[in-house]
Amino acid sequence: MEAPAIFTEAEVYQRSFNPQAYLKEFYTMTDSQEGANVFLMQNLSSLHKMFSLDGLRGDTLIDVGCGPTIYQLLSACEHFQEITALDYTDQNRRELEKWLKNEAGAFDWVPVVKYVCELEGDREKWAEKQEKLRKKVKQVLKCDVTKANPTDPVSLPPADCIVSTLCLEGACKDLPTFRSALRNIGTLVKPGGHLVMLTVLEETYYAFNEQVFSCLHLEKHEVEEAVEAAGFEVKFSKVQPMSVADARTDCSGVLSLVAHKRASVT
């Protein structure tokens, strides 16, 4: 499979991104999905480690580019009291709300929740964790990371932490846009607060459901430099190489990164 020749614009996501197909493809933990499972479990483990770091605590957390997923909030919800989830596409937000409201037909996250509970030491706390997360997500809003205020026309008070997983590399057509998007989402976090990221490296496409979506090819140093330029200091940065070949993507690995927002941005 080859990368699309052109950048996948936001309107394409809004028009044709299928959240149910995406969830089924990448977040169903079954024996037949070895590549997807390894990728997901590595990311869950990375998030668990990052949210266990000193200082990653607070009242408010904003998830930038949540998609239709909750996996990125399972470790986070133990350390923050109120969560706001942001995504560009209407259907992703609807799919997420379906799970939050425990509606019929919502995606079954139980195997993933159990895995995270196992990382935390008690697999049997999965039902309790689901309930906790449902209570803590207070709102689900539209966002556009290319805007100076990503939640425009809504203005959110800056949060103690922002988390963004596998989002900006799909939303940004080039490195200047990526750097600008990081500055934009940086405004959503308080000085002294944290940024937690999972970013795929050296990826030009990902595919599912017979659709191919473009991705910005990023190197580790480019992500770190963009984070620093957005007013943050990188505290933790680690690459997890792709250990299983997967035709649905050409990424070489995933960068886990935690950064601290400097008190004054010069």
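In case you wondered, yes, glycine gets a Cβ from its N, Cα and C as well.
TrEMBL annotations: computationally assigned, not manually curated.
For TYR22, TYR27, TYR71, ASP87, ASN92, ASP144, VAL145, the entry in TrEMBL reads S-adenosyl-L-methionine binding site.
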Report task. Starting from the Cβ of TYR71 (S-adenosyl-L-methionine binding site), draw a 10 Å sphere and report how many other Cβ atoms land inside it. Result -> 21
Query raised in the report: Over the residue list TYR22, TYR27, TYR71, ASP87, ASN92, ASP144, VAL145, recorded for S-adenosyl-L-methionine, what is the maximum interresidue Cα distance in Å?
Result: 24
Query raised in the report: CB neighbours of TYR27 (S-adenosyl-L-methionine binding site) within 10 A?
Result: 21
Requested in this report: Name, in the order they occur in the sequence, the residues of the same chain whose CB lies under 8 A from the CB of TYR22 (S-adenosyl-L-methionine binding site) and which sit 6 or more residues away.
Outcome: GLY67, PRO68, PHE208, ASN209
Query raised in the report: Counting other CB atoms within 10 A of each CB, which of the binding-site residues ASP87, ASP144 comes out lowest?
Result: ASP144
